[in-house]
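Q: Pasting a structure below so you can have a look.
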Amino acid sequence: MEFDMLVNAAPLLTKALGQTLLFSLISMCIAFVLGFLLAEVSILGGRVIAFVTRCLIEGVRGVPLLVFVFLTYYSLPKLGIRLDAMYSGCIALAVFFSMYVAEIFRGAFRTIPKVQTEAGMALGMSHWKIQIIVLLPQALRIALPSLMNIAAIVIKATSVMSIIGVWELTLATNELVMRTLAPFTFFVAALVLYFVLCYSMVRSATYLSNRLNKSQRF
């Protein structure tokens with residue numbers, strides 16, 4: 001009986017899983033770019049800019065994700081920006097996790113010896129060229145495991161988007177539960193799907209990190 005319900009619901013769950021992956025990918029890409037830029041501004045800017053950036057990062061990180069999603073969803077229309085709930089949710093996730101990405105990048109850049117920056121300046125390279133060409137590849141190698149862990153967290157965090165009516169795996173699961181009155185069956189199925197996605201992400205991070213470390217030795 002329960003197996004038959006899962007088989008019948010498989011197409012819907014598969015579609016919902018695809019939506020979850022899409023929202024995760026959009027949010028992660030934006031978060032990585034924003035986080036990198038915030039880290040750069042924090043490092044290359046003056047004391048005032050670095051202080052403002054630090055306050056912004058700590059301020060957003062101190063807010064619960066659910067509250068930040070609601071704040072984004074209801075604040076944008078007040079600013080004259082009317083977006084679909086999906087876009088509002090992706091923006092909220094991207095901005096929220098970009099603060100964590102910024103700290104990861106900032107820490108990675110700080111571990112790189114300053115002599116490399118000095119060498120780049122001696123060659124006449126601009127600060128941005130040094131950051132992009134010389135330091136960024138090394139920072140990515142250092143930050144990769146942490147960035148992949150953030151990616152796994154973003155996948156799980158997309159479930160919060162269901163609160164504002166975005167159709168993804170959690171909302172689809174809830175719809176199936178309301179229709180079939182079988183909460184255990186479908187939420188366990190959702191749990192397994194989330195676990196497979198996140199575990200694959202973490203294992204991929206470990207594999208890539210090991211490969212990069214081996215290539216660096218040679």
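Every residue, even glycine, has its Cβ placed from backbone N, Cα and C.
As annotated in TrEMBL:
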- 17-203: domain 'ABC transmembrane type-1' (DOMAIN)
- 20-39: transmembrane segment (TRANSMEM)
- 51-74: transmembrane segment (TRANSMEM)
- 86-105: transmembrane segment (TRANSMEM)
- 150-169: transmembrane segment (TRANSMEM)
- 181-202: transmembrane segment (TRANSMEM)
Q: Decide whether the stretches the transmembrane segment (86-105) and the transmembrane segment (20-39) have at least 3 CB pairs under 8 angstroms, with pairs required to be 6 or more apart in sequence.
A: yes
Q: Could you tell me what the rest of the chain brings near the transmembrane segment (20-39), counting residues at least six beyond its ends with Cβ under 8 Å?
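A: Residues 53, 56-57, 86, 89-91, 93-106, 109, 136, 147, 150-151, 154-155, 158, 161, 166, 168-169, 197.
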